[in-house]
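Visitor: Sharing the features that TrEMBL gives for it:
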- 6-72: domain 'DNA polymerase alpha subunit B N-terminal' (DOMAIN)
- 107-166: region 'Disordered' (REGION)
- 111-130: compositional bias 'Polar residues' (COMPBIAS)
- 141-158: compositional bias 'Low complexity' (COMPBIAS)
- 217-322: domain 'DNA polymerase alpha subunit B OB' (DOMAIN)
- 342-548: domain 'DNA polymerase alpha/delta/epsilon subunit B' (DOMAIN)
Amino acid sequence: MAVSVQQLTKELEIFGVDCEESVTERLAELCARYEQNEEAMVGEFVAFLTSTRKDCLSSETVDSFEHEFLNKRLSKAHHSASKDSGHAGARDIASIQELIEVEEEEETLLNSYTTPSKGSQKRAVTTPETPLTKRRVSARSPQVLLSPSSFSPSATPSQKYNSRNNRGEVVTSFGSAQGVSWSGRGGAGIISLKVLGCPESLTGSYKFMFQKLPDIREVLTCKIEELGSELKEHYKIEAFTPVLVPAQEPVTLLGQIGCDSNGKLNNKSVILEGDREHSSGARVPVDLSELKEYSLFPGQVVVMEGINTTGRQLVATKLYEGVPLPFYQPAEEDGDFEQNMVLVACGPYTTSDSITYDPLLDLITIINHDRPDVCILFGPFLDAKHEQVENCLLTSPFEDVFKQCLRTIIEGTRSSGSHLVFVPSLRDVHHEPVYPQPPFNYDLPHEDKKRVQFVSDPCSLSINGLVFGLTSTDLLFHMGAEEISSASGTSDRFSRILKHILTQRSYYPLYPPQEDVAIDYENFYAYAQLPVTPDVLIVPSELRYFVKDVLGCVCVNPGRLTKGQVGGTYGRLYIRRQTVDGEGRRSPCVAAQVVRI
């Protein structure tokens, strides 16, 4: 190939490299020898100089460049190229399997046009209902479907995870869980899944980062007015008083809790921001010294009673309890009264020191063994906080790794027949980092469309008439860091926070939100409110796992499937819709457990 010394000189000048003519001529020889153009050769040469920090440009430098860099790198490239041309390149297991499937489909198509012979009789007979390729695909193991070496150069299994000796240990129980045999009916039972909206559910992506401050203010004001109206009706309050009006007698005020500075809320920094109708959004400091019991957090809508003698500070004497929404009333089309098993698990599905997805493969094994009726899987499926993701060490796009992970779950559990529900997470590196978060966008095979469902975060899901509240956002951790409380007796922080979620009627009542939660308030008002009080609320968190009954709602923190380098936990529940009788409402959760993976 023709190489121009003048072109090499121009390329070197772009990088500010001045060379003697002998060096330039030597580089021209290397271009011809290794079949590189001037631009590529200069790029390699400058990279070599930068990495080795060589200042003196002589013929010895070029010799060193050829020996240490070009000889190794380009010979390796030629070797792989010849290998590619010989037999289609090095492929991962999944790619090879896909090629085999295509060949099988072509062979099956050709055989349909030929006369059967003795040799062809040995092949399995196929019908339109049970095609050959589909049966082969469903029989493939998850280990074959998921090949970490195809997207990570260092796919070494985690030693700490594989050496654990507490797998299957039950760490907490609820209800009549003793001696229960945990198994579902897979696809044999009749399962009705329906997403409840308020008034409608989030089904697709939307434009974000365009909200204006007046729009946010409007949403917060509407929230104060709506909850205030409910509390006023429930407690038979005659009227609310403006927060800045002086009064020598007790008054009742409506507003939202806030902090008087940018720091963390404490009992000396509480302010009450009044509603627009009565107080025009004015603020008044609150003295909590007269309150024996309280639990407050920024963004909480409250009704307070107290004395505001000067109009500059409210001495609170009473805090009205919030009122939850009624429970969902099932209809005839919501399914039967049979007992169903629900499995819930939350990512990450890899340990922090490995990207091999061993915990996920173990979970798929459990699903195939127990055959739960419904599996609810929360993100992150590819964690933005994983070391290999943060350091950009993966060799495939994030979207491709996620799709391979999702395909492993869907095809790997096909034999169980379990219904799968996927909930995204703000930590899913490939997905839109906005709250409320739209469902995953994934093209399902035709045979899986009836048993796989993608929902938003948050989401209210009806399973045979029982409502599950689902959110992958770590609300317990966020609110626990901001809540202040005072109680005369023993008080459980988790129960207080869960009670706030139910009485504030929102999946994220905290305002302002945590820094890593980007909320689009217009869609938050439409899609992140509780339509009813859920029968079961699933709130995965970094905090300790639990199962609690709060205001008649069974609240479950299943933990995360992995905790750093070690295995974590997942949850399983038996649910049954109860018949309505004169004894009042009974809990639909028959039993629940949190188990180590």
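Using the three backbone atoms N, Cα and C, a Cβ is placed for every residue, glycine included.
TrEMBL entries are annotated by machine, without manual review.
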Visitor: Could you please provide the mean pLDDT value for the domain 'DNA polymerase alpha subunit B N-terminal' (6-72)?
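Guide: A mean pLDDT of 81 is what the predicted model shows over the domain 'DNA polymerase alpha subunit B N-terminal' (6-72).
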Visitor: Taking contact to mean 3 or more CB pairs closer than 8 A (sequence separation of 6 or more), are the domain 'DNA polymerase alpha subunit B OB' (217-322) and the domain 'DNA polymerase alpha/delta/epsilon subunit B' (342-548) in contact?
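Guide: Yes; at least 3 Cβ pairs under 8 Å.
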Visitor: If you run through the compositional bias 'Low complexity' (141-158) with DSSP, how many residues end up as helix, strand and coil?
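Guide: Per DSSP, the residues of the compositional bias 'Low complexity' (141-158) fall into 7 helix, 0 strand, 11 coil.
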Visitor: So, by DSSP, how many helix, strand and coil residues make up the domain 'DNA polymerase alpha subunit B N-terminal' (6-72)?
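Guide: Helix/strand/coil tally for the domain 'DNA polymerase alpha subunit B N-terminal' (6-72): 52 helix, 0 strand, 15 coil.
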Visitor: Please list the DSSP helix, strand and coil residue counts for the domain 'DNA polymerase alpha subunit B OB' (217-322).
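Guide: Taking the domain 'DNA polymerase alpha subunit B OB' (217-322) as a whole: 22 helix, 40 strand, 44 coil.
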